[in-house]
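Worksheet: one structure, shown below.
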Amino acid sequence: MDVEEFIPPPECPVFEPTWEEFADPLGYIAKIRPIAEKSGICKIRPPGDWQPPFAVEVDNFHFTPRVQRLNELEAETRVKLNYLDRIAKFWEIQGSSLKIPNIERKILDLYSLGKIVTEEGGYEAICKDRRWARVAQRLGYPSGKNIGSLLRSHYERIVYPFEMFHSGGNFMPTKPRQHYESEDKDKEYKPHSIPLRQSVQPSKTHTYGRRANRLKPDPEPTEEDIEKNPELKKLQIYGAGPKMMGLGLVPRDKAMRKKDELPQTVIVKDSISIKEEPLSPGGYDNADKDTLTDQHDAEVKSESPSQEPCTKMTMRLRRYHNSSQFVDSFVCRMCGRGDEDDKLLLCDSCDDNYHTFCLLPPLPETPKGDWRCPKCVAEECKKPAEAFGFEQATREYTLQSFGEMADAFKSDYFNMPVHMVPTELVEKEFWRLVSSIEEDVTVEYGADIHSKEFGSGFPVNDGKRVLTPEEEEYARSGWNLNVMPVLDQSVLSHINADISGMKVPWLYVGMVFSAFCWHIEDHWSYSINYLHWGEPKTWYGVPSFAAEHLEEVMNKLTPELFESQPDLLHQLVTIMNPNILMNHGVPVVRTNQCAGEFVITFPRAYHSGFNQGYNFAEAVNFCTADWLPAGRSCIEHYRRLRRYCVFSHEELTCKMAACAEKLDLSLAAAVHKEMFIMVQEERKLRKSLLDKGITEAEREAFELLPDDERQCDKCKTTCFLSALACYDCPERLVCLYHIDDLCHCPADRQYLRYRYTLDELPTMLHKLKVRAESYDTWASKVKIVLEPEEEKKRG
C-alpha cells in the first residue's frame, strides 16, 4: 500500500560551450542537436563570466499567481479524486455523507477497489466464488487478516449502490442485504470532506502548513448532540428544510421509523392557522407517538391550558390534498402499492414515493436528511463536470512578498533552512505528494507573466532608459531571449506579429513544488528557458520519437480524463510520474537547472517539472531551418485534432520565399525543400476542385484578414494558399482538404479563394533555388580555379 519511492530518471546531456562556440547561439544548438534531441531536452552552461544583469524593476513588478493543488495535477490521482467527488455527490444528494474507511491504518482506495471488483467479474461473481481475499491481495493488503470480508462490507455499503446506479439498475425488489459486524466500527471511518475541489478557496499564506485545510461548513447537530445538549434540546431546530414556528414536538422514540409512523394529518387550533397538510419526512425527526396519536384523535383541543407552548419543527406542506389523485400520489413508483407506508420514502426533489426495499440496492434504513429518488439522482449526476484548470489566487504579490511567502512555506514544510534542503528530498516529496489522496498541499506559481508588461529579466534596448556599456552588450547577445527568436537563422523572425510566449518571452516566478505539466510547445517549436536567479528548477524530458507513446500511455492509464478533455495534454494541467511512464517503456531524462543555466527543449519533445524553491525564470520559443518539416507535420496533426493554429505555416513559408535573397543560405535550402512539397500538394488539391466541377475563382489577400475570418469551418486550420467559399453561405469557408464539408449548395455556387496562381508559385520556388544554390555555384567556380586540369588553366 505504500507509495513506491521515486527513482530519478537518468540525467540529460549537459553542454559547456567555449566562448567561440557561444558566439553563435543557433549555430551551436544545431551543432549539439544530433546528441541532444535524442533526449528531448538538454542543459547548456554558458561560459563562467557570462552573467547578464537582472533588468526587472523589482519595485514595480507585481503579479497574481495560479493556485496548484498538487494531488490534482497528477493524472491517476485526479481520476481517483474525481471518482470520490462523484461518489460523494451520489450519497450527499440522497442525504448521506460519504465516509471513507481506514483499513490497516490507511485510507481505503475506493476507486481501485471498484476497478478491481469490475476486473474480477463483478460483485456477484466474487461473492459466489468467495474471492474477496484475492481482491484484498490485489489492493496490496497482507493476507491472513480477514481483510476480504471487511472489503466486501465496505464495497456493499459505499461502492455497490453507486456502481448499480451507474450500470442502469432496474430497481426491482430484492431481499435486504445482511449487515456485517465491521459496519458498526465508526472509528474505521474518516469523513470524505472533499467538496467540488475547484470551488475551494486557496489557503491564506500565513496558514500554509503540512497540509492545506479544505473549507468545511460546520456540521448540522446530530440527534445525539441534541440529547446531550439541553440548549439544543430546547430549541429542536435541526434537519433540512424551512424552520416553522408553532408545533410542539418532542424527540422521537429511537425505535421509531422516520417516515409515516405519525398520523398523516396534524390539526393545530388557535395558535396557528388551521392547515390539514401531510408532513415531509424531515418533519418527524423529533416527533413522538405520545405527542401525536392516531389521525382520528389528532385534534388538539384549544381549551387545554396545560398544553406545552408551541415551539419549532421542520416540515413541508404536502400538495394536491383536495385532488382526486391525492391517495394515488402516496404509492411506490416501483411496485405501485401504498402499503408498508413506514418504509415509503418521499423524494425531496420531485415528491415521488418509493419503498426502501424496492430500490436497487434496497436501503436497510430510512435516510436521516434529504433524500432524492433514482430519477432525480440520475438528473443531478448527469450534469457534466467542469473542465479542469487552475484558478487564480486571490492575492496579488510583489517579488518581495512572494519570496517571503515561498521561503516561509518551504522552511516550515521541511523544518530546516531553505538552502539546506537537499534537491533529492524535494523531488521524492513532490512525487509522493502528487500521488496522495489524503495530503492536500496547495502552492502558488507565477506562470506565463508577460514580459511586455513588466519588462524582461534581460536588458532590452527599447529606448525606455539609457543602458550601460555592459547592459548594451547583453542587450545585443543572441542568448538574450528577446533577441534569439528574431536572429537571421530563426524562422520566427519572419512573423510580423509579437506572439506572446513564442516571440516575446514569458516570465515565471516559482516556489517549492510549483509545477509545469507535461506538454509540447505550440507548433512543435523549440523552447529555451533561462533561470535568472533562485533555487533550481527540476526538469523531465521525453524525446520526440516517443511523444505518441507517452500520449498512448497516459490515455490508457487515465481514459476517464481524456474522455472529458480529449486535448488534455494541450492544456498544461496534467502530470504523470516519470517512473510510471518509464515502466511502460517511455524514455525519460531529468536535470536540475541552476541559476545562470539554459534548458533547451527540442521539437515535439514532451517536458514537465517543478521548482525546488523561490526562483525567477524566463522562456521563449524559436524555430530553426531543421524545424520546418516538424512544423508542417504539426499542422497536419492539429488538423486531425481540429485545433487552432497560432500562425499559418503556409503563410510563413511563402513570406520567406518572397524575400529569398535575404535568407540565410541553410534556411533558404530548407525553405526550398518545404515549399516544393507545399506546391505539389496545392496542385493536387486544386485539381480535386476542378474534378468536383468548381471553376469560379477569386484572389484573396489572406494575410490581411484576421485569423478568425480565415479558419476552416471543419478543422480550424488557418487558410492562406487557398480556401473554398460559397456565394450563398458567405460566413463560412473550408480548407481544400474539406471541400465536401462546406455546405449543400450546388457546385456552381461555390468558388476558390486563392492567394497565388499555380504559375506564380514555381517562380517563388525558383528564387529560393537560386539563393540556396548560390553558395554551391560560387564554390564550384572557386574549385575549378583552384584545381585546374593541365590544359584548362584559367586566368
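Placement of Cβ uses the backbone N, Cα and C atoms for every residue, glycine included.
The compositional bias 'Basic and acidic residues' annotation in TrEMBL covers 178-191, 286-302. The feature compositional bias 'Polar residues' is assigned by TrEMBL to 196-206. Here TrEMBL flags 12-53 as domain 'JmjN'. The annotation domain 'ARID' is assigned in TrEMBL to 77-167. The domain 'PHD-type' annotation in TrEMBL covers 329-379. Per TrEMBL, domain 'JmjC' is recorded for 473-639. According to TrEMBL, the feature region 'Disordered' maps to 171-226, 276-309.
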Integer average pLDDT (0 to 100) for the domain 'ARID' (77-167): 77
Counts of helix, strand and coil residues, the domain 'JmjN' (12-53), according to DSSP: 16 helix, 6 strand, 20 coil
Tally of residues which DSSP labels helix, strand or coil - the domain 'PHD-type' (329-379): 14 helix, 7 strand, 30 coil
